[in-house]
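A quick write-up on the structure given underneath.
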C-alpha cells in the first residue's frame, strides 16, 4: 500500500510539472514586439502594396530568430523554403540509402546539385528571417541570398549536363555549356547584388531589368539540355517518367518567375495579402515545388542513365567541372563582399 501511494505521489508531481510546462516555455522565450505598419519602418524595408506585418528594426538577434514562430509578412517566405530544404534532404537520404550512394566520380554532380539546392533554400530563408535587423544586415543577407541563387544555378547545370541531356543536344553544346553556365551564374549574382546596391525604394524598372535579365539568361542556358529532351520526348509521345518531372519543373519555374516579376494579387488588394498570399510568397512556393520536381527527375536520370554517363565522361573532366563549382562559389562570394563593403561605406557616410 505504501509503495502504491508513493507512486501516486510521483505521478501527481509529474502532472503538476506538465501543467506548468506551457508557462515555463512562454517565460523562456523573449518578449516579442508586435509587428508594425509600413510607416513605422524605413523605406528600405517596405514592399509595394504590403501595408502591415513588418517587424521593427534594431531588436536583439533572438527576436528575429524566434520570429520564425511569429505572425508577420515574411514568415511564409521563411517556412516555404525551410520545409523545402528539409524535404530535399529527407528525399536525398531515402534515395542515397536505396541506391547505396557513395562519394565517387559519377555521383559528384548529384551531391553538388543537392548541396546547391539546400544552399539556396537556406540562404533564402535566412535572408527573409534576419534582414529586418538593420539596413546593413538587410543588404548583407540579401547578398548572401543572391550567392545562394548563383550556386543553385550552376549546381542545376551540372546535374542537367551529366545526367539529363540527350545525345543530339550534347553533341552540339558539350564544349562550352558548363563554362557558360558558370559565367551566367556569376553574372546573375553580380546583377542582383548591383541592382540591390544601386537602386533605392521605390525601385525603378531598371532594378528588375538588372535582376531578371542575367537570371533569365542563366535559366535559359541551364535548362536547355532538359528543354530539348522534353520537347523531343513529347513530340514522340512521351512515356518517360523523368521527362514528365522535367516538364513540371519548367512549368513551375515559369509560374514562379511570373509572381517574382509581378506584385499580384496584392496590387489589386492592397493590405489584404500582408501576412499570407502576396506574390513573393507564391513565388517561393512554386520555386520550392520546382526544385522538388527537378530533384525527382535528376534522381531518375541518375539511376537509369548510368551507361550514357560512363560513355561520355572521363573521371578527370567530371572532377574539373565539379571543382569549378567551388570556384563559382568563391567568385560570387567575393563579388557580394565587395559590394557589401561599398554599402557599409555609404551607410557610414549617411549616418555621419
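Any Cβ shown, glycine's included, is placed from N, Cα and C.
Per TrEMBL, the features are as follows:
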- 75-96: transmembrane segment (TRANSMEM)
- 108-130: transmembrane segment (TRANSMEM)
- 128, 280, 284: Zn(2+) binding site (BINDING)
- 142-163: transmembrane segment (TRANSMEM)
- 175-197: transmembrane segment (TRANSMEM)
- 209-231: transmembrane segment (TRANSMEM)
- 243-260: transmembrane segment (TRANSMEM)
- 318-339: transmembrane segment (TRANSMEM)
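The structure, with features from TrEMBL marked on it.
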residue: 128; record: Zn(2+) binding site; Cβ contacts under 8 Å, 6 or more apart: 74, 77, 78, 81
residue: 280; record: Zn(2+) binding site; Cβ contacts under 8 Å, 6 or more apart: 47, 77, 259, 260
residue: 284; record: Zn(2+) binding site; Cβ contacts under 8 Å, 6 or more apart: 76, 77, 80, 81, 124, 256
CB contact flag for the transmembrane segment (318-339) and the transmembrane segment (108-130), at least three pairs under 8 A: yes
Counting only residues at least 6 beyond its ends, the same-chain positions whose CB falls under 8 A of a CB in the transmembrane segment (175-197) are 139, 142-143, 146-147, 149-151, 153-154, 157-158, 161, 206-208, 210-211, 213-215, 217-218, 221-222, 224-225, 321, 324, 327-328, 331-332, 335-336, 339, 342-343
Beyond a gap of at least 6 residues from its ends, the CB atoms lying under 8 Å from the transmembrane segment (108-130) belong to 61, 64-65, 67-68, 74, 77-78, 81-82, 84-85, 88-89, 92, 101, 137, 141-142, 144-145, 147-149, 151-152, 154-156, 158-159, 161-163, 284, 288, 291, 295, 298, 302, 318-319, 321-322, 325
